[in-house]
Amino acid sequence: MIQLLMAAGLGLVFSIFGTPALIKVLARHGYGQYIRDDGPTSHQTKRGTPTMGGVAILLSVVAAYLVTHLISVLAWPENGGITLSGLLALGLMLGMGMVGFLDDYKKISKKQNLGLTAAGKMVLQGAIGSAFAVLVLFFPDAAGNTPASTAISWTRDTGVDLAFAGPVVGLILFVVWVNLIATGTTNAVNLTDGLDGLATGASILVFSGYMLITLWQAGHLCENAAQAACYAVRDPMDLSIVAAALVGALIGFLWWNTSPAKIFMGDTGSLGLGGALAAFAVLSRTELLLVLIAGLFVVITMSVILQVGYFKLSHGKRIFKMAPLQHHFELKGWQEVTIVVRFWVIAGLFVAAALGVFYGDWLLHNGGAFPGAEALH
């Protein structure tokens, strides 16, 4: 628990003081956001606001994680050090963040809202996602556990194992599955990042949920994962430290990103956070639960899919005034802050529901008994 507080605190400090320094650098070089002309007219006042703030978030997370482990090794050497699972989570986050950085830089250099091509972005994300998918199935620990498995997971691995098709085809199917998750999460966070503080606040809630999930898993590991209520998860405590660092860094960034935003996270931040989200789903064996815990991101993404699909099928008609969903409410006259706070509430309810499902599953596997219930008899 001390490590979690340390990681969150360090992430907060690094971010809240590092972000204004980044703002000055970006402003000095004229690295400001270019606003779409077809977006809400109220957004034109945001033109020129420094972007690429995701650099501050991602670097703060990495720094908080490393410093936490440095202090832990010196103070409590028995707690263990940096793990492969933690590094893989950070690696996917940084890899996707780098794609976002290239996208942001191209927009800035062209001085218009046109970054990497869709095909170019897909190739880069696919390469990074594929590398992650392969790595998580190798490098077993002393007990023979790899960071992830080829089984589709809900609150734990299910009986559906992609390895049924054989080692080669199973690996290919798993790579495709992980890329679907990573593509979905990166695009979902990117679409949500349309109002000041919206994606930042929602991400704080989602990663707080994952911090609690992995912390719970760390307390309920067992040698035989087939036993009731045990979790076959590798290095969950270290994943919880990464999640805590993310929460702290995002809170620090929100100080500057709340309305009126002094800086935007840009694609650097949204794609990086999406990568981290995908990593947690795969490494904590909660891939399908991701749809619930990140429910706000899913709803906003679905609003775009429905809008585009209906527009094509109806030859020009629309379901919403504008997509993503947050812009629909803007055009209905809602204030930006009102939309953001209400969407945060919705995000929090999704996270709470996911935690309820996760804990409910544990109770079912534990025969319905609460921890320590035997002490009451």
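Backbone N, Cα and C atoms are what each Cβ position is placed from, and that goes for glycine too.
Taken from Swiss-Prot, the feature transmembrane segment applies to 2-22, 55-75, 82-102, 122-142, 162-182, 195-215, 236-256, 263-283, 288-308, 343-363.
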Quick check for me: are there 3+ Cβ pairs below 8 Å between the transmembrane segment (162-182) and the transmembrane segment (263-283), leaving out pairs under 6 residues apart? yes
For the transmembrane segment (2-22), the candidate among 55-75, 82-102, 195-215, 236-256, 288-308 having the most Cβ pairs under 8 Å is 236-256
Tell me if the transmembrane segment (195-215) touches the transmembrane segment (288-308). I count contact as 3 or more CB pairs below 8 A, with pairs 6 or more residues apart. yes
Considering pairs 6 or more residues apart, do the transmembrane segment (236-256) and the transmembrane segment (343-363) have at least three CB pairs under 8 Å? no
For the transmembrane segment (263-283), the candidate among 55-75, 82-102, 122-142, 195-215, 343-363 having the most Cβ pairs under 8 Å is 82-102
For the transmembrane segment (195-215) and the transmembrane segment (122-142), does the number of C-beta pairs under 8 Å, pairs 6 or more apart in sequence, reach 3 or more? no
